[in-house]
Amino acid sequence: MYVSPVREPLISGEKSYSKVTEDIYAPMTGKPGKLWFGGLTLALIALGFGLFSIFITVWDGIGTWGLDRTIGWGWGITNFVWWVGIGHAGTFISAILLLFRQKWRTSINRSAEAMTIFAVMCAGLFPLIHMGRLPLGFFIFPYPNTRDVWVNFNSPLLWDVFAISTYLTVSLLFWYMGLIPDIGTIRDRLKNGIQKKIYAFLSFGWTGSARHWARHESMSLILAGLAAPLVLSVHTIVSFDFATSVIPGWHTTIFPPYFVSGAVFSGFAMVLTLMIITRKAINLEDYITKAHLESMNKIIIATGSIVGIAYITELFIAWYSGVVYEQYAFVNRAFGPYWWAYWIMMTCNVITPQLFWIKKIRRSFAATFVISIFVNIGMWFERFVIIVTSLHRDFLPSSWSMYSPTWVEVGIYIGTFGLFFTLFFLFIRFFPVIAIAEVKSVLKTSSEKFIKKGK
Amino acid sequence: MYKSFEFTKKIKSFLIATIVIGAVLAVAGIAMNLDHTHRIWANVLLNGFFFTAIAMSAAFFVIVHVLGESGWHTSVQRIPEAMAMYVPIGGVFMLLVLVGMHDIYHWSHTEHLDEILLGKSAYLNPMFFSIRTVAYIIIWSLLVIWFRKTSLKTDTDANIKLFNRQRGIAGIFIVIFAVTSSTSAWDWIMSIDAHWFSTLFGWYIFVSTFVSAVAVVILLLFVLRRMGYMEHINDEHLHDLGKYLFGFSIFWAYLWVSQYLLIWYSNIPEETIYYVKRIQDFEGLFYANVIINFLAPFLILMARGTKRKLNWLIAASIIVLLGHWVDMYLAIMPGAIGHPEFGILEIGMTVFVLGIFLFMFFRNFAKAPVVPENHPYFKESFDYDNIR
């Protein structure tokens, strides 16, 4: 495959095939540093606090949350949608960017896929808790049963169960399948011992033969084909949770594609936030370069602008529709009691990402880090605005209400951060953060060393 | 090496004959419908909009590839580029629509509006509508011409600055088109059903015309190949075009379902009326539209092999192009004339506009080399594979 010399190299420095393996394998060897232990401890504390908050919720009931009869969905569903959204970057990178032959995906796909899986786990927690009785969570699965109760097939909430569990399964498969050659590499580097046995088991007998590779590649294509529609389906169904209703501010037809775009937007922001730190912490600067940063920021600006246009479209059509309820809902969003949430959302999602039009900013790690955090915040507030401000003004003014979270709800949210980061810290310790085999596949065409040689 | 296209007398006279036949049929159709001016103007709008939007979508096709730093598209780039040059001509039809405004848009009868339409009159009034229409046409035309000129300059000047300038134009284009693609669809199409509204509508119409544009690119590629040009196009290029046709047909169906399902599910009369009208009076077409436009490309192009064979691609493209013409028909006619009408007028008008579209395409395509040989990524287009 020919690559134009005009293109920026994706791997900098003098890298040979074995150097790539060594660099990426390095963080997994030796004793983990203080930073890692410190981080893990913090994450575990947060997780513990979250578990305690869940315990309180289950023990005392959902009354420990700030919900009432008007506002039945608060932080719980906000967090659910937020985490599911974050989970979208992984599949987008691994499936859609694979189909679009984007070489820069090879340096970030592994960690993004891992984040996807962890984020979906965090997300799945909230509906489960919301249903109240954790041990009865299996009621959501439709199976011929002795309870004489069927699930409600008409409900988008049930479609969510299918969409998200399919998504989790395919993402997991994708992630693990990509890991197999790398696990094989690690196995071969390990001396005898229990560690080697574990990696040998996890590698599924990978030998790296041509036949294995051929199957591996056709499998990734099939999975990419399956996962591409899943990128759309999950957040589409999530948007249906709202848009199938008749609540002003929820019922609007632009929701499905706009939610999907917002999800990819927030997912990329989270990948950026984490990878900017990780690349520094474990010395992967040669693999995650400014070229990667720029490409990702372009996706941020594209998806962010789609979201921005959707906001404005909603606003305009609310006026255009002539429906007084819609009109009120949007005026209330912008100037009602939750105006601050709306303007945080607008600033963080629509205005700050536009700074990426400036080349210097989209190629700066520091600036990107700050903006990516803005996006994370903005996308959380987007869900909060959609959920809470649409609900808090009931059709009956006597039912109008205000919502603020209790410490229990905040605790569960913090707990999901704990879960996410615990898993992430374990992941960077026990698995290669960058797909070794995939980076090698672009080494000949896109590394600084080989490009120089070519000239 | 890359044989330049020659706009021969033979092609020219064939296209002129097409235009004349179309014109004769259209005039006959108009003469038969003089007491039925709604139908005449609706047809002007339908074909005027459809082909202008296809031209704009073709420009969009090039623009996204420029912005996405793509390399493969350079081998076909000049086809959509030449298609886009139809925008100023298509704009003339849209200006004609302004003349027939009162026959299509009932909000334009400002003397008797109900309360809801009065509420919209700050936006939907003949003056502002005309200003917007003219603005779209002028701005779009300028953008398209600007990009094309820069692209043609690269044929004689390999300076990399020209490519950076193209990227700059592409950035401006995408920002403007992101807004105007939606607003123009609201203005020209959605406002026919003046009381009805849907936030998704703009994106839905855009994707419909984008799929059509991809189909037209494939069909034109086929025609050019038959005439002995574009010999450099290989299976990988066909495969990629096929993927676009396949993927965006599914995406279109996705948007169709999103809009329909949400309106059906919520069952709010102000919104469902749009579909009620279509299902009651256009039942066959209504269902055929979504089923054929989704299933045909889906089933035909699902396999890897069919995307790489021009004959299969052609079959899918023809279905898609006709299908999306019907999609536009369904978006316009129920509001504009209220019941299905199909005859000499529809056929004539379509053939007439199609003929002009093709004439403009071939004329512009002949003006420049068939590939941008100095494009920095040009060579990449001939050395890549689609994953097996």
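Backbone N, Cα and C define each Cβ position, glycine as well.
The transmembrane segment annotation in TrEMBL covers B:12-34, B:40-64, B:85-107, B:127-147, B:168-189, B:201-224, B:244-265, B:285-303, B:310-332, B:344-362.
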Could you check whether the transmembrane segment (B:168-189) and the transmembrane segment (B:40-64) come into contact, where contact means at least 3 Cβ pairs under 8 Å with the two residues of each pair 6 or more apart in sequence?
yes
Looking only at residues six or more beyond either end of the transmembrane segment (B:310-332), which have a C-beta under 8 A from one in the stretch?
42, 45-46, 49-50, 189, 192, 205, 208-209, 211-212, 214-216, 218-219, 222, 225, 238, 241-242, 245-246, 249, 252, 278, 282, 285-286, 288-289, 292-293, 296-297, 300-301, 350
Let me spell it out: take the transmembrane segment (B:40-64), skip the flanking residues so only those 6+ beyond its ends count, and list any with a Cβ under 8 Å from a Cβ in it.
26, 29-30, 33, 70, 73, 77, 79-81, 83-87, 90-91, 93-94, 96-97, 100, 103-104, 140, 143-144, 147, 170, 173-174, 177, 181, 188-189, 205-206, 209-210, 212-214, 216-217, 324-325, 328-329, 332-333, 336-337, 345-346, 349-350, 352-354, 357
Any chance the transmembrane segment (B:12-34) and the transmembrane segment (B:127-147) have 3 or more Cβ pairs under 8 A, given the pairs are 6 or more apart in sequence?
no
Considering the transmembrane segment (B:201-224), which listed stretch of B:85-107, B:127-147, B:244-265, B:344-362 counts the most C-beta pairs under 8 Å
B:244-265
Grab the same-chain neighbours of the transmembrane segment (B:244-265) for me: Cβ-Cβ under 8 Å, and only residues 6 or more beyond its ends, written as numbers and ranges.
198, 200-201, 203-204, 207-208, 210-211, 214-215, 218, 271-272, 274-275, 290, 293-294, 297-298, 301-302, 307, 313, 316-317, 320, 324
